[in-house]
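**Student:** Relevant sequence annotations retrieved from TrEMBL are reproduced here:
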- E424: active site, proton acceptor (ACT_SITE)
- T138, G177: FAD binding site (BINDING)
- 17-132: domain 'Acyl-coenzyme A oxidase N-terminal' (DOMAIN)
- 134-236: domain 'Acyl-CoA oxidase/dehydrogenase middle' (DOMAIN)
- 278-439: domain 'Acyl-CoA oxidase C-alpha1' (DOMAIN)
- 480-656: domain 'Acyl-CoA oxidase C-terminal' (DOMAIN)
Amino acid sequence: MEGVDYLADERNKAEFDVDEMKIVWAGSRYNFELSDRISKLVANDPGFSKEGRTMLPRKELFKNTLRKAAYAWKRIIDLRLSEEEATQLRRWVDEPAFTDLHWGMFIPAIKGQGTDEQQKKWLPLAHKMQIIGCYAQTELGHGSNVQGLETTATFDPQTDEFVIHSPTLTSSKWWPGGLGKVSTHAVVYARLITDGKDYGINGFIVQLRSLEDHKPLPGITVGDIGMKFGNGAYNTMDNGVLKFDHVRIPRDQMLMRVSQVTKEGKYVQSDIPRQLLYGTMVYVRQTIVADASIAMSRAVCIATRYSAVRRQFGSQNGGKETQVIDYKTQQNRLFPLLASAYAFRFVGEWLKWLYTDVTQRLQANDFSTLPEAHACTAGLKSLTTTATADGIEECRKLCGGHGYLCSSGLPELFAVYVPACTYEGDNVVLQLQVARFLMKTVSQLGSVKKPVGTIAYMGRIEHLMQCRSDVKQAKDWLKPSAILEAFEARAVRMSVACAQNLSKFDNPEEGFAELAADLVEAAVSHCQLIVVSKFIEKLQQNIPGKGIKQQLEVLCGIYSLFLLHKHQGDFLGTGYITSKQASLANDQLRALYSQLRSNAVSLVDAFNYTDHYLDSILGRYDGNVYPKLYETAWKDPLNESDVADGFHDYIRPIIKQQLRTARL
Ligand SMILES: Cc1cc2nc3c(=O)[nH]c(=O)nc-3n(C[C@H](O)[C@H](O)[C@H](O)COP(=O)(O)OP(=O)(O)OC[C@H]3O[C@@H](n4cnc5c(N)ncnc54)[C@H](O)[C@@H]3O)c2cc1C
């Protein structure tokens, strides 16, 4: 029945003020009001309908995305939205499109790597969308190994131009979003060659298509790389292939903020330090961590609401069956994901602060915190996106068979989200970078250089190598100090064990390659510590609102103790806890699940997602799942007729034993 809230009983059980929690989740009242207003504006506009998206053939799907992007731009202009509001609008439209790369990579690349003059020339064009740009780094043959890129940009002093060329098939640009069918321009990464010498990878602004008829310019071969994983999903994006045949661009289209080539072909480093470029990287990774909390919370919102609606077994005397959310196994899979959504939200909030801090320090020529900030953002990008991709798939399984339907919203969410584990740095490659940083830190302990920021705990190595947990009863695991020391001791001990094993190799690089899997585990333990410690720090803030702090304490406990339970081999193996203490942690975890149970639906309501955004029958706010599933099935094109197309040719001949005469 329309208008009935089938989850009202669940909502009435909440022990906290949901409206206040919405503000905590949004970060501030201002953020909440902004996102609430824009998400509703999008949800109520039929121009942004998602109807049938997963059933459209690629060409229609793509054209519909182009229409939506143009319509969104029109709304942004008509409503005179600010940049902040426009970004929100694109987020709530919720369809991957070329605009993501234009605003998210092309413009930031010019801002970060272009000189003031270049920014003055290109940014107004890009901001008005008179040109549309993408970020063309990856090639068919090389992705993670950026130094291995093969595209060349050779300076010709005769004409004061660079010649951009793809010397091999594997040097074709491959993957850039927005490249295939839309972008007029690209920031292209190529080997800079001048005066016969290779100066490594640099960015260049290259025009790809005519601004009149959109045809590729001479020397440019460009197209889409083809269908990707899932229905709808990332197929709305024109990931592209691009080949250059001696394409000439003016010298001033090399992005020259940190290095330049003079008219005479001389390569000069500017006095602006190269490290400045890391600021952009910290920014991009911070947004990826924020996106992880959004994707995780979205999947968890669907799985939680549906788990409260779904009933299986347990009925006695014809009474109601058990809600599946009441099964401890369901709670043990779902509640840690709910806690992770909140944990990633808070660590993302902290990363925003870190970005501001790094930017201010860079402006003051203080590079001291940069390696630590770089390692921490790389590690958190890897940790949160891996957990979120796995978490979305777990949410699909938590919804049983119905989770496998596109109308649950989960298959498309998974297909859209999972490449986050690969782009902006493959997650394993990133953890190896973190591990390198950890090994360097361990080797420098005892020197004058004190570890700072998220690595400061290593300064207490002597204590952390020897201490033992003093937990005696289950509730002792609720003490933040008990949790924090456990995660610190585990992280230090795993790093030190790796460093000791590495020291047995004559050649450190050989050792690093051989021990790579252990090093990644040490890096992950360090990153989990960061998330746990930022959650604990959040709880030390003044958080007003009825019952809010108590709920967050429960979530923090679940996040930490679930990790402790899952990785108890590490905690036991490093000797910090006994098996008795591990078992007490598990007892406490179960108790926390019971505390969370009555608040679960309200905790996902606090994400404040519209039904339009969730796009999931299972996750509907009102819980009216079954009639909608039934209704939607009949909208499938296969159900347009009772008798399937193909019956006469392929089914009837089988039934009627006429295969020999059938035209197959
Ligand atoms: C949806 C999507 C959108 C993208 N958008 C863009 C874009 O807009 N612009 C752009 O330029 N690129 C884009 N990319 C490309 C992306 O940045 C690369 O795919 C990514 O950097 C990984 O590189 P790769 O594909 O070469 O993987 P590879 O590096 O070939 O990885 C393959 C495997 O090898 C492992 N591996 C690699 N190196 C090491 C090592 N040193 N040690 C141990 N293991 C290793 C990896 O962990 C992985 O398991 C996009 C990719 C996707 C999927």
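Cβ coordinates are placed from backbone N, Cα and C, and glycine is handled just like the others.
Burial and contacts for the listed features, if you can.
**Tutor:** Secondary structure at E424 (active site, proton acceptor), as computed by DSSP, is coil. Long-range Cβ neighbours of E424 (active site, proton acceptor) (same chain, at least 6 residues apart, Cβ-Cβ under 8 Å): V284, R285, I288, K381.
In this structure, T138 (FAD binding site) belongs to neither helix nor strand by DSSP; it is coil. A C-beta separation below 8 Å, combined with a sequence spacing of at least six in one chain, links T138 (FAD binding site) to K173, W174, W175, P176.
When pLDDT values are averaged over the domain 'Acyl-coenzyme A oxidase N-terminal' (17-132), the model yields 97.
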**Student:** Looking only at the domain 'Acyl-coenzyme A oxidase N-terminal' (17-132), how are its residues distributed among DSSP helix, strand and coil?
**Tutor:** 90 helix, 0 strand, 26 coil
**Student:** Other than its own, how many Cβ atoms are within 10 Å of the Cβ belonging to G177 (FAD binding site)?
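**Tutor:** Excluding its own Cβ, the number within 10 Å is 26.
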**Student:** Taking DSSP three-state, what's G177 (FAD binding site) in: helix, strand or coil?
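**Tutor:** In three-state terms, G177 (FAD binding site) counts as coil.
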